[in-house]
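Beneath this line is the structure, given in structure tokens, with notes to follow.
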Amino acid sequence: MGSVTVSNKKSQTTSLNNYNNLATAPVANKTESVTTNNNCNGWIGGEGASAMTSAPNPKPKIVYGTAGYILEDVPHFTDYISDLPTYPNPLQDNPAYSVVKQYFVHVDDSVPQKVVVHKDSERGVHFRRAGPRQKVYFESDEVKAAIVTCGGLCPGLNTVIRELVCGLHHMYGVKSVLGIEGGYRGFYARNTINLTPKCVNDIHKRGGTVLGTSRGGHDTNKIVDSIQDRGINQVYIIGGDGTQRGAAAIFEEVRRRGLKVAVVGIPKTIDNDIPVIDKSFGFDTAVEEAQRAINAAHVEAESVENGIGVVKLMGRYSGFIAMYATLASRDVDCCLIPESPFYLEGPGGLFEYIEKRLKENGHMVIVIAEGAGQELMSEKMQTMNKQDASGNKLLQDVGLWISQEIKDHFAREKTMAITLKYIDPTYMIRAIPSNASDNVYCTLLAQSAVHGAMAGYTGYTSGLVNGRQTYIPFYRINENRNHVVITDRMWARLLSSTNQPSFLGDKCHNKDNVEEEEPLNQLPNGDLSDDTLKVKKEISSI
């Protein structure tokens, strides 16, 4: 096969009603000539370029632009299936959207991963902007969609399910939507249920998931066989990092078989530890509900002499809930998270700080994330290297442990008598319905996911980046976890609010660890950052 040319579409002001022909070629604004061989290895290009029916390409789909512009694009049907027909988007005849000017997203729209830049910074990494396209790759009657929820519970699951069903039905006229019961294993071991706008109308008012969930049970071949046998051509997978890795495996198998099946992920983690995206749905609700537990602990603590309230919150690897709940409460005296090691004994340790705080205020509140202090705990339970069915490390109960350690210390030292109350609201928080903010966010996530699938995109996660809905390739979501950066201003605000010690001394002021407000993918000396070098290395190897 010869070279493939990706056309440059410069006009950003063209009326969106006059570029139907562009809707089949959404690529970055640069002419890019890419040589490919007959097995499609190294294929880079827009969805409207010559489509392939040969072996699929598992490598990232990257597009260069001017001034250091890099688009980390998502796969499209036309990358591996040829001669697909397109259809006018039914939204153009939808009375609800007829009054919206420029409702269809421009084919070259993208969203930068980083927005803090210097005047000489490169434009850096971008993601494709989410939203409806003027051409779609499914007719309404052709679509048979499936929705599955996996992993732990989280506020907003039912809202996402509802909005997927209603979005498909009301925006695109899709009548066939299946609910897969019981997580991934439901594809091959459970029955499905038919989902209609009527049956999901009120489910957002309930916690949990009406479809049920489970951990593990992922068998790629069985799942794709079931998808193929049932005639499903859109799969919406709601779950955390482990679930998204499973979704990526499903997509690769679907692409290997050459199936016209859109595989779409919607990121769900109450801990907010999924990278790239601004936040995950359910997080705002979790922080809000955590206030009730912190308020109760504060009341208990201040009602007695030398009262201590200990609250354990979710946060296996990342302490975002604990940090934001602490900042919102203003009643917390100490916040302990996995990213910030601490110690108990000796000068500057936790015990010394507790004693000092009790002498000053007569009471205190400690918030601790479930993943904090694991290295300090006794290994009697021998769970440090064990994992659950989703691959998550099994943790010991740090809340009970630290409560007992505090009691034992003051009993041993006999410096003062304390009264300690321990509150663990974990399962209360994750089982409640989502609040108003998360309900709106869930709606945007679900509708963006539907728009992308109808437009022929696949192998992506729908997520918010710098306040804009985007389509993010699976490999970016699965490459690492989002963590609290203890050298940035947000953690400094927390330390200022609680007046707690950093437990690290000068170690935490290492300039090499500063991650906030760096120029976009460029170091102050003008060298490219590791992220940019990594992307360019990947591209050069294609």
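FYI, residue positions are counted from 1 along the chain as it appears here.
The backbone N, Cα and C atoms fix where each Cβ goes, glycine too.
Automatic prediction, not curation, is the source of TrEMBL annotations.
The feature domain 'Phosphofructokinase' is assigned by TrEMBL to 145-451.
TrEMBL lists Gly152, Arg215, Gly216, Gly240, Asp241, Gly242, Thr243 with the feature ATP binding site.
What TrEMBL records for Asp241 is Mg(2+) binding site. Here the Cβ of Asp241 (ATP binding site) has 25 other Cβ atoms within 10 Å, regardless of which shown protein chain they belong to.
Residue environment of Gly242 (ATP binding site) contains 20 other Cβ atoms, counted within 10 Å of its Cβ in all protein chains. The site 'Important for substrate specificity' annotation in TrEMBL covers Gly242.
Cβ-based neighbour count (10 Å, all protein chains) for Arg430 (substrate binding site) stands at 20. According to TrEMBL, the feature substrate binding site maps to Thr269, Ile270, Asp271, Met314, Gly315, Arg316, Glu370, Tyr427, Met428, Ile429, Arg430.
Long-range Cβ neighbours of Asp271 (substrate binding site) (same chain, at least 6 residues apart, Cβ-Cβ under 8 Å): Ser280, Met314, Gly315, Arg316, Tyr317, Ser318, Phe320, Ile321. The active site, proton acceptor feature in TrEMBL is assigned to Asp271.
The binding-site residues recorded for this entry are Gly216, Gly240, Asp241, and the Cα of Gly240 lies nearest to that of Met428 (substrate binding site).
In this view, Met428 (substrate binding site) is surrounded by 14 other Cβ atoms within 10 Å of its Cβ, with every protein chain counted. Nearest neighbour of Arg430 (substrate binding site) by Cα distance, taken over the binding-site residues Gly152, Gly240, Asp241, Gly242, Thr243: Gly152. On a Cα basis, Thr269 (substrate binding site) lies 16 Å away from Gly216 (ATP binding site).
Closest in space to Glu370 (substrate binding site), of the binding-site residues given as Gly152, Gly240, Thr243, is Gly152, taking the CA atom of each residue. Cβ neighbour count for Gly216 (ATP binding site) (all protein chains, 10 Å cutoff from its Cβ): 16.
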